[in-house]
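K.L.:
Attaching a single structure in structure tokens format; questions to follow.
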Amino acid sequence: MEFGDLRIDESLIKTCQEKGITRPTEVQRQVIPAVLGGGDVIAVSQTGSGKTLAFVLPIVSHLLQKNRSFYCLVVAPTRELSSQIAECFNMFQATGLRVCLLVGGANFNVQANQLSKRPHVVVGTPGRIAEHVLKTKSFRTERVRKFVLDEADRFFEQDFVEDLETIIPSLREKRQTLLFTATMSDEISKLSSSILKRPKTIRTAEKYETVPALKEYYLFVAMKWKNSALVELLEMSQGMSVIVFVSMCVTARVMSLALARLGFCSEALHGELSQEKREEAMRSFKESRFNVLVCTDLGSRGLDISHVDLVINFDVPKSGKDYIHRVGRTARAGRSGTAITLVTQYDVEQIQKIEFTLEKKLEEFKMMKKNFGTICARIEEAIQEAQETLKEERKRNRRP
């Protein structure tokens with residue numbers, strides 16, 4: 001099946017082709033006709049399946065037929081994901097499409113001014129959207145005809161329910177609501193029954209499933225050699241685009257600096273960065289200005305980067321669900337990819353829980369460890385230097 005078979009406007013198909021998107025993914029083949037049909041939709045799909053374009057294309061197609069301001073409102077759980085969705089809509093700005101991004105960390109008054117210019121599409125996080133609903137008169141949510149909740153399962157993890165209770169009543173009763181989620185839960189079922197009317201349910205993934213194109217491994221390594229194993233993996237992956245997941249912001253900062261000292265082109269992405277610096281890090285990684293991104297779970301959703309070759313879980317994820325969202329940064333939209341999880345003697349029970357959730361065993365990654373001793377001295381020295389650098393930074397920042 002081609003995009004033309006889905007009744008998508010030819011100009012939009014041409015734009016997709018220019019971006020290297022030539023054939024619809026499974027979720028796009030199923031969701032696009034349902035959205036064009038006008039009814040409410042629940043889509044349960046794997047991360048990396050191309051779901052963003054699955055709602056962007058039919059919504060822009062409708063806008064080409066009838067130009068309306070405040071036609072679509074998209075709510076996403078993180079600033080990063082909101083930015084990615086806005087970027088996806090902006091692929092089609094040659095059509096005259098106006099998109100407004102509402103996220104925290106950006107100037108509220110500037111956003112209010114953008115809303116006064118009557119955008120066609122508004123994308124943002126629940127907290128900032130709710131704030132504009134209450135304070136910005138030019139935000140005409142009663143005009144919204146397409147309401148999208150993306151990665152809806154995340155709203156309950158981050159307690160956005162109160163914000164949704166502000167946003168949803170402000171919308172018109174007669175609208176199309178689209179709900180996308182990686183997993184189905186009791187909370188999602190309850191939410192969908194309260195805001196959707198006779199929805200069409202589309203499942204392109206069962207609960208806790210990774211994509212077939214993803215090769216998944218674990219690397220068992222003693223705790224004392226964990227840093228060495230990371231360096232060895234990165235040296236084996238020269239020229240590849242790599243995301244390294246860690247559990248804490250301080251680890252992301254230290255490891256990123258340490259790896260840079262060892263000659264790797266690395267940057268960090270974590271929750272202590274300003275919104276401007278987060279966006280710059282993501283943009284630079286996307287543009288291949290560096291190839292190793294060290295990040296916390298902040299980046300495990302919302303990073304829609306097509307060229308990620310390898311995900312390394314330096315720290316084992318807390319749950320099977322977190323594992324899926326991390327490794328879902330590679331092998332996206334039909335491309336292949338690899339995920340390797342470092343497992344120390346202290347992580348065995350946790351990785352077994354993840355395997356139980358996934359209902360499969362990860363394959364062991366075989367690696368020669370004879371160089372670990374030499375590597376260890378280099379990485380430990382680099383880590384010590386990185387820690388000293390951060391210590392000096394903190395001192396400078398504390399000075400009046």
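Even glycines carry a Cβ here, placed using N, Cα and C.
Pulled from Swiss-Prot, these are the listed features:
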- 1-29: motif 'Q motif' (MOTIF)
- 32-202: domain 'Helicase ATP-binding' (DOMAIN)
- S45, Q46, T47, G48, S49, G50, K51, T52: ATP binding site (BINDING)
- 150-153: motif 'DEAD box' (MOTIF)
- 229-373: domain 'Helicase C-terminal' (DOMAIN)
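How about a rundown of where these features are and what they're close to?
P.N.:
Counted with DSSP, the motif 'Q motif' (1-29) comes out as 17 helix, 0 strand, 12 coil.
Over the motif 'DEAD box' (150-153), the average per-residue pLDDT in this prediction is 90.
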K.L.:
Could you tell me how many residues in the motif 'DEAD box' (150-153) are helical, how many are strand and how many are coil under DSSP?
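P.N.:
So the counts come to 1 helix, 0 strand, 3 coil.
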K.L.:
Grab the same-chain neighbours of the motif 'Q motif' (1-29) for me: Cβ-Cβ under 8 Å, and only residues 6 or more beyond its ends, written as numbers and ranges.
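P.N.:
For the motif 'Q motif' (1-29), the nonlocal Cβ contacts are 36, 43, 45, 49-51, 53-54, 57-58, 60-61, 64, 91-92, 94-95, 202, 204, 306, 333-334.
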K.L.:
Got a sec? Which of these binding-site residues, S49, G50, K51, T52, has the most Cβ atoms within 10 Å?
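P.N.:
The most densely surrounded of these binding-site residues is K51.
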